[in-house]
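This report refers to the structure that appears directly beneath it.
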Amino acid sequence: SLSTGLDLPGRFLFATLTLMTLIAILVFIEEAVYIYRKIPSSKRSIIIWINAAAPVISTTSCIGMWVPRSTMFTDFTAGIFFSIVIHKFLMMMIKECGGQKVLLRHFENARFTISTGPCCCCCLCLPRVPITRQTLFWLKLGTFQFAVLRPVLIFLSIVLWTNGDYVLYNLSPKGPALWISCFIGALTLFALWAVGIMFRKVRILLKCKNIIPKFALYQFIVILNHLQTTIINIFATQKIIPCAPPLSSTARGSYIAQQLLIMEMFLITVISRVVYRRKYHDLEPPECACEEPVDKQQTP
């Protein structure tokens, strides 16, 4: 078994990373209780979903570290969960502006700048799009399609894997892994593009709600969970990460990625607690223009 094959430093590392995962879970549970008690019901579930991203990724990485054969399932579980979180983050920005009607009223004559990352940051010639109910629908569809289609593609990958047709590190054009990965990558870029367009428009308006550090944490999770893991897997596939018997290069790359994610998600969980843990009245000051119509309606 894995525990008997580890030396003393290895056991200490595994125990430390497991403890960090447990602490991250406890911090999230405490934060979820706080959010449930202090945040209005209209925003409660969205904020809990977003805060759960780092602990869930840390937990799946810890399981994959202890049970190497479950790596594919744990990675897919984390990927499915985070695809939903991307859609929730877009919805949170709309909710923080008082909802779709208030947002449309506030930006009645404004326009979206679509020449933003990660798809069109260099296409400065693109026209600016009016902010209407239809454009908001397309932005929400951009993240919703990712939350729906990625689980479908992951389910297809698992079905092919059980039949022996899907090999995760086999990126030959004849195999399905390359095409499924490219399609998921395209869906990811479109979803991140929709979130980037919305954030660029509301970041000044929602500065009073700490939207910039919240977006930074969200971006860190995207980069670490996707880009970092992909780079490490490529290095392992190309044998840049050497093998160390009984572990192959790909197995070592998987271990390195999982251990880094546990430490990084632990830090993000603790920082998220600081960023999101504010009193409800502090989160919505009277000078925040996007909340004025709602505050007037709710004042007894």
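Cβ coordinates are placed from backbone N, Cα and C, and glycine is handled just like the others.
Going by TrEMBL, these are the annotated features:
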- 12-34: transmembrane segment (TRANSMEM)
- 46-67: transmembrane segment (TRANSMEM)
- 73-91: transmembrane segment (TRANSMEM)
- 137-161: transmembrane segment (TRANSMEM)
- 176-195: transmembrane segment (TRANSMEM)
- 215-236: transmembrane segment (TRANSMEM)
- 256-276: transmembrane segment (TRANSMEM)
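Listed as Cβ neighbours of the transmembrane segment (256-276) (distance under 8 Å, sequence separation of 6 or more from its ends, same chain) are residues 13, 17, 20-21, 23-24, 27-28, 30-31, 35, 47, 51, 54-55, 57-58, 61-62, 64-65, 71, 210, 213-214, 217, 220-221, 224-225, 228-229, 232-233, 241. Count of Cβ pairs under 8 Å against the transmembrane segment (215-236): among 46-67, 73-91, 176-195, the largest is for 73-91. Long-range contacts of the transmembrane segment (137-161) within its own chain (CB-CB distance under 8 A, at least 6 residues past either end) are made by residues 72-73, 76, 79-80, 83-84, 86-87, 89-91, 112, 167-168, 176-177, 180, 183-184, 187-188, 190-191, 193-195, 197-198.
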